[in-house]
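First the structure, in the form of structure tokens, and then the observations on it.
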Amino acid sequence: MVSLPLKWPLESMPSLLSLLLIFLAVSSPSWCQSSDTAFPKASNGAPFPWNNVRLPEHIIPIHYDLMIHANLSTLTFWGTTEVEITVNQPTSTIIMHSHQLQISKATLRRGAEDKQSEEPLSILEYPANEQVALLAPQPLLAGPLYTVIITYAANLSESFHGFYKSTYRTQEGEIRVLASTQFEPTAARMAFPCFDEPALKASFSIKIRRDPRHLAISNMPLVKSVNVAEGLIEDHFDVTVKMSTYLVAFIVCDFKSVSKMTKSGVKVSVYAVPDKINQADYALDAAVTLLEFYEDYFSIPYPLPKQDLAAIPDFQSGAMENWGLTTYRESSLLYDKEKSSASSKLGITMTVSHELAHQWFGNLVTMEWWNDLWLNEGFAKFMEFVSVTVTHPELKVEEHFFGKCFNAMEVDAFNSSHPVSTPVENPAQIREMFDGVSYEKGACILNMLRDYLGADTFKRGIVQYLQKYSYKNTKNEDLWNSMASICPTDGMQTMDGFCSRSQHSSSTSHWHQEGIDVKTMMNTWTLQKGFPLITITVRGRNVHMKQEHYMKGSESLPETGYLWHVPLTFITSRSKSVQRFLLKTKTDVLILPEAVEWIKFNVGMNGYYIVHYEDDGWDSLSGLLKIAHTTISSNDRASLINNAFQLVSIGKLSIEKALDLTLYLKDETEIMPVFQGLNELIPMYKLMEKRDMNEVETQFKAFLLRLLKDLIDKQIWTDEGSVSQRMLRSQLLLLACVRKYQPCVQRAEGYFREWKASNGTMSLPVDVTMAVFAVGAQNTEGWDFLYSKYQSSLSVTEKSQIEFALCTSQDPEKLQWLLDESFKGDTIKTQEFPHILILIGRNPVGYPLAWKFLRENWNKLVQKFELGSTTISYMVLGTTDQFSTRARLEEVKGFFSSLKENGSQLRCVQQTIEAIEENIRWMEKNFEKIRLWLQKEKLEI
């Protein structure tokens, strides 16, 4: 097949003069940025005058006037973009971003000239870099203001990014259409031609045309509405503050809203589909409380007159921080008092808190480029815990923070990890930055820094950072310089800019005795990947410390030689007061005042490192857990469980010792250690499920039930207790029922029978619903009934509980049907597909189906969810990272290498290959030991 050449409209024919000007050195300094001197070909075959993914630096946008008209019947939109620019050197070429837009006309207005004197610009398109070049007949000169006017049209996106179509079904069964935006990181260019880089901030005046039956909302309040034709209204929104393109947002919909005012007069509104607006109250109250907290904490007023929170029926991620119009998946915003779970309340509060923190970290002060995305996301993730601890103390969020650090370490332990701050260029690489390293590791190292500097000093540093860089862009070092210029309350600044502190009497308060060089210290955490393993050897009163890079599979890799500045903390059997030591070198020694029975480092898990105790160090701590586990905090107990199994992976600790340590869990009642125990033990039998190891797998599952039997039996089938107690109950009863613990199964069957007899109207205790549904879904009649209720339910919690239960079926036909239906998106929304794929990928009957589906539909999945996105990564790992055979490893390698540029280079592919290799090593080394240990343990428990 031969494609026909594009026909150019007369006004956009590249003039000979324009093309000549490009190749003359009008803009020579900027062309030097181009990585390759050979210019690529534009879509019409002419040379495209720019060969860099990044835009030239000599064109500066000042203000955009946008007019967008979306037609929700034809699923198309058209618009005009007028952008005021200046240039800081002469140029005849304006390079902008545009992706999947049909540009029909582009003109240039010089200075304050009237519209009559607009001159046509020739248009060249280079789709590979999502760029257009607009060629002027005469050069633009440094100094004056110019306005570029572009008219264009496009289809509403069928994916979850750009200006995209979303639908919902009313209670009466009518399907309604709306259009919403998701621009981060690089999709503003799918809605209007723009300078789509975070440092190219500008103000925006937005006009939206719509039908009278719809409403439009955007970043700023509505100023006026004008009738432009019969049945067509144009809404004019107030001009925005100076901001990045990825934060622009607009929605055309028929939502309803509820509103409240903050103390400082900011109007907060929650928007949702009409049938669900009664579920908006919890998020509204939380948003008002959190916005007031942040205004106070940051000492900077929220700069906009309103803050809207909109629940979008189709949404790929959890939420998005568009300035003044944050958008959410419905499950991240809507709370049904009758049916929503304790974990749902916690999740909604944390998500709202995260997006509102971004109004300062990310929106007011923005990273200069995506390599420092963590300055946005790490901070917002960290501020979730700082804020919600104060505003919603009953949620006890501090009990969940360190689970995030363990999750980050799981990814960061592989060679395929990356530094928190790492170079990226193209859109797929940028999307890959939205991962556990940028979010969770970023938050954990900030928490470590706060523990190191003290909460007040840390707060003063970040307030100074926000005040200094408001409406600007920053790099990593700007944050550290702001921190370094703030001295702790007991210190003073020295001539070299470091803080010195008064010497403390204790010889172990090591970091209080020297200058605090925040930048040098934190560069060790942000500019190199991974984290340190600290090995502790106690010799009488002498404590020998050694640091090395913890990495799985490192025996086959050269040593990195990385060193960190590690703020060590410890307690001992003789002193519960936290002692501190800053380890900057590979080895060091500290001297205790007296000999001790045990020593526990990384108090409260505030540090982003793991610890190995040589000689009988682990035996002492294991013994302490067996005899008096409450001597140390629940966070410390959870970190011991985590560290023990991390050490098994690199051969520093035997699997038998790690399993012995978990035996104390039969007396544990706190959520963090129990969850951490489950996080270490469940994956072991999950590996066995995917191989022919039935006997040991069955024994291991029986051991886990014996270990937690007393705690399971204590759980009451109600919704009483704190959020943590309720979340623990929900997970334990689900585990017990799925593992066919008969007392649990029988009770769940009774509840399910009653619920089904009432046609789903009976009110079940929310905390036990997941267990009840999972048991009910095990036969065809129950499964079909659950699916019928799924279709009519208005509760997002109930829908997700049913979704989970349906995916536990042992019937391959049912599982295949779920994959097909959720991918199609008619009755089960496509946004649910990734989660369903992963659940089936974890199902012992379903995992081959999930892996096959991923391979057969790869191109469609990439089209829908975007190459490099967190969702694609989630699906790749979720379907493959529990394989542990060489045959599966070769299958995975073969498939992904065959994809070439459509996936073979993704970081998640390297991660899953490393994970499978680690699983193979782990099983070869430990499986037989586990089998023997289980036989011995059965006699002892």
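Each residue, glycine too, has its Cβ placed from N, Cα and C.
Now, the feature entries from TrEMBL:
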SIGNAL    1-32  signal peptide
DOMAIN    61-247  domain 'Aminopeptidase N-like N-terminal'
DOMAIN    282-486  domain 'Peptidase M1 membrane alanine aminopeptidase'
BINDING   H354, H358, E377  Zn(2+) binding site
ACT_SITE  E355  active site, proton acceptor
SITE      Y439  site 'Transition state stabilizer'
DOMAIN    598-917  domain 'ERAP1-like C-terminal'
- prompt: Quick one: mean pLDDT on the domain 'Aminopeptidase N-like N-terminal' (61-247)?
  reply: 96
Task: Can you grab the distance from H354 (Zn(2+) binding site) over to Y439 (site 'Transition state stabilizer')? Cα atoms, rounded to a whole Å.
output: 11
- request: To the nearest whole angstrom, state the Cα distance for the pair Y439 (site 'Transition state stabilizer') and H358 (Zn(2+) binding site).
  value: 13
Query: To the nearest whole angstrom, what is the C-alpha distance linking E355 (active site, proton acceptor) and E377 (Zn(2+) binding site)?
result: 10
- prompt: Around the Zn(2+) site recorded as H354, H358, E377, what other same-chain residues have a C-beta within 8 angstroms of the site's C-beta center?
  reply: E321, E355, A357, F361, G362, N376, F379, A380, K381, M383, E384, Y439
Statement: The number of other Cβ atoms within 10 Å of the Cβ of E355 (active site, proton acceptor), counted over all protein chains shown, is 27
Task: Let me know how many other Cβ atoms fall within 10 Å of the Cβ of H354 (Zn(2+) binding site).
output: 26
- request: State the count of C-beta atoms found within 10 angstroms of the C-beta of H358 (Zn(2+) binding site), not counting that atom itself.
  value: 24
